[in-house]
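Asks: Sharing a structure with you now.
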Amino acid sequence: MGCNRNCGLIAGAAIGAVLAVFGGVLVPVGDMLIEKTVKKEAVLEEGTIAFKNWVKTDTDVYRQFWIFDVQNPEEVEVHSSKIKVKQRGPYTYRVRYLAKENITQDPETHTVSFLQPNGAIFEPSLSVGTEDDTFTILNLAIAAIPHLYPNSFIQGILNSLIKKSKSSMFQNRTLKELLWGYTDPFLNLVPYPVTTTVGVFYPYNNTADGVYKVFNGKDDISKVAIIDTYKGKKHLSYWASYCDMINGTDAASFPPFIEKTRVLQFFSSDICRSFYAVFGAEINLKGIPVYRFVLPSRIFASPLQNPDNHCFCTEKLLSKNCTLYGVLDISKCKEGKPVYISLPHFLHASPEIAEPVEGLSPNEEEHSTYLDVEPVTGFTLQFAKRLQINILVKPARKIEALKHLKQNYLVPILWLNETATIADEKEAMFIDQVTRKINLLRLVQIIFRSIGTVMFVAFMISYCACRVGVGHN
């Protein structure tokens, strides 16, 4: 009887040990199954989940604009006063709703090339007004003259055309005109061929960005969606390549199996450079665990602090020999126009940058950029990319509208927030197809390991107690 009982206890302990070992074996096996599935579905080729979402996103992407309405235009132009601005917005457009075009796979290089069509649809229900709302803003054409035509003789000729067109340093424009373009009355009088349409994002609608060529991940999943080459506008492509600024993906997705130590790089053709984001926190997005990556302030640091920014410091006077921080000069990719980018409201910028402007209130929560990335798949499930567009205005003795200025102004025109969050139906699909399966597999691992360990310990305790009892008898 004692022998049988001992055998039963030993058998129970053995079963528990087997379950514990099986649970331990299941961990790497489960991880291998997850890795194999993700690697298959993350490749950019016909039939995969990644490819379907890459060609045309199912998530609504919005670009919100806040316009800096100038309150004292005459005081600035005549007395070189501080510029007083009032932020108005948001004005919201839906973007990135068009599918990629001319998609071509190259099996030899494991890359896929494509064009990204551009389009913007105004969303009245998500806006504070209409596209016909009017703002007092900087005259973009006049502000560019001292930069494009530094010769005083040419400036004198152009000044006569400015006066004839009754143009001044500031102008009234509708939202639609400011963003997407208007015929400038001064440029319309220039007797030689020039582009007479001016707008912050002109041209945009009915254009396409690219050609892009990205790795499809077929041979190496760690490179999937990373840009290999970019052939956009000639001046943009050359300059961005020269400055080593074409790196990373388009931020819609990243190579899978993301660690917190990884630096995520993404390229934006609008501003001719790549940005990078670093791990900030773990958060829960609609029941999906994600990593939040944030833009570090170092991205807008001076070249002395961040040598990667040497290409974005060409105006030695404004930057005080490249010692100021918080703005980047992108004029070389804007055909010489004095365009500078910064974070909204000059967040993280040198105090001297914003000193000539009143009405700004930088706020880390409202004005910083972040990406919420699901770490197993590398898919970006929520993001907010925030930037401010500024124009540098310099005094010019030969131009009536600028001759009274006593200092340089970095005039904020607008700031934008391009944002998207995974839709509820897509979130449910993601949880069902990805999160729930991963969690279930991990739960099974834990259960097998826990039951096995408990059984092994319990039966071994009983066995020892039994042995002691037999010894006493």
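Heads up, the Cβ atoms here are built off N, Cα and C, so glycines get one too.
Worth saying up front: this structure is predicted, and the values here are computed from it rather than measured.
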Asks: With the disulphide bonds as TrEMBL has them, who is the partner of C333, out of C272, C311, C313, C322?
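Replies: In TrEMBL, C333 forms its recorded disulfide with C272.
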Asks: Looking only at C311, C322, which is named in TrEMBL as the disulfide mate of C313?
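Replies: In TrEMBL, C313 forms its recorded disulfide with C322.
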Asks: How many other Cβ atoms sit within 10 Å of the Cβ of C333 (disulfide bond)?
Replies: 26
Asks: Pop the Cα-Cα gap between C311 (disulfide bond) and C322 (disulfide bond) into the table, whole Å please.
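Replies: The Cα atom of C322 (disulfide bond) is 11 Å away from the Cα atom of C311 (disulfide bond).
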Asks: Within 10 Å of the Cβ of C322 (disulfide bond), how many other Cβ atoms are there?
Replies: 19
Asks: Counting Cβ atoms within 10 Å of each candidate's own Cβ, which of the disulfide-bonded residues C272, C311, C313 comes out highest?
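Replies: It comes out as C272.
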